[in-house]
Amino acid sequence: MSSAWEAVRALASGFATTFVHLFRKPVTEEYPEVKRALPARTRAVIVLTRDPDGGERCVACYLCSAVCPVSCISMQAAEREDGRRHAAWFRINFARCIYCGLCEEACPTSAIQLTPFFETCERDILKLVYEKEDLLVDHQGKDKEYNFYKYAGVTTDVGGKGEHVQEDEPVDLRSNLP
């Protein structure tokens, strides 16, 4: 008899919960009209940023494409007249991108940055393949004063290895053997 009474009590408790929720106002947000507040660290669409001088930051080092778990980033490196590398073309397939942010972490020049913009819905899947021209923005992104090309990426003819500022002399590996 005790177990029957507990079953009736549990059933009545469930009905009471349902009865209370029956008179509450439904919480429905109409998405396109009412945007949800996103967290500060939201990662979504990738952009390519520029230097404070206005030049492209990407040096086509292929680190972003190597670290990408879904292989959605592809590019081709080229060299400018002054000896600096740049991406001749840069392509991201957002149909495959999982917005993990590994490409942003791997980028040594802070060229790739993830923005909180996430509304990239398209009916044609080919429109989700973004080229370099679609990804380049006219600002520095999160790192306003960072200028990778100020020192790096420029060939210098000032002495040999180990003779530059803040550079150690080369180590002879054979002399370090035990």
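Along the chain as shown, residues are numbered 1 onward.
Just so it is clear, glycine is given a Cβ too, placed from its N, Cα and C backbone atoms.
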*Write down the one residue from C100, C107 that Swiss-Prot lists together with C58, C61, C64 as binding [4Fe-4S] cluster 1.*
C107
*asked:* Could you check which of the binding-site residues C68, C97, C100, C103 is the closest Cα neighbour of C58 ([4Fe-4S] cluster 1 binding site)?
replied: C103
*Compare the Cα of C64 ([4Fe-4S] cluster 1 binding site) against each of the binding-site residues C97, C100, C103 and report the nearest.*
C103
*Please give the sequence-distant neighbours of the domain '4Fe-4S ferredoxin-type 2' (88-117): residues at least 6 beyond its ends with Cβ less than 8 Å from one of its Cβ atoms.*
38, 42-49, 56-61, 63-78, 125, 128-132, 135, 141-143, 146, 148, 152
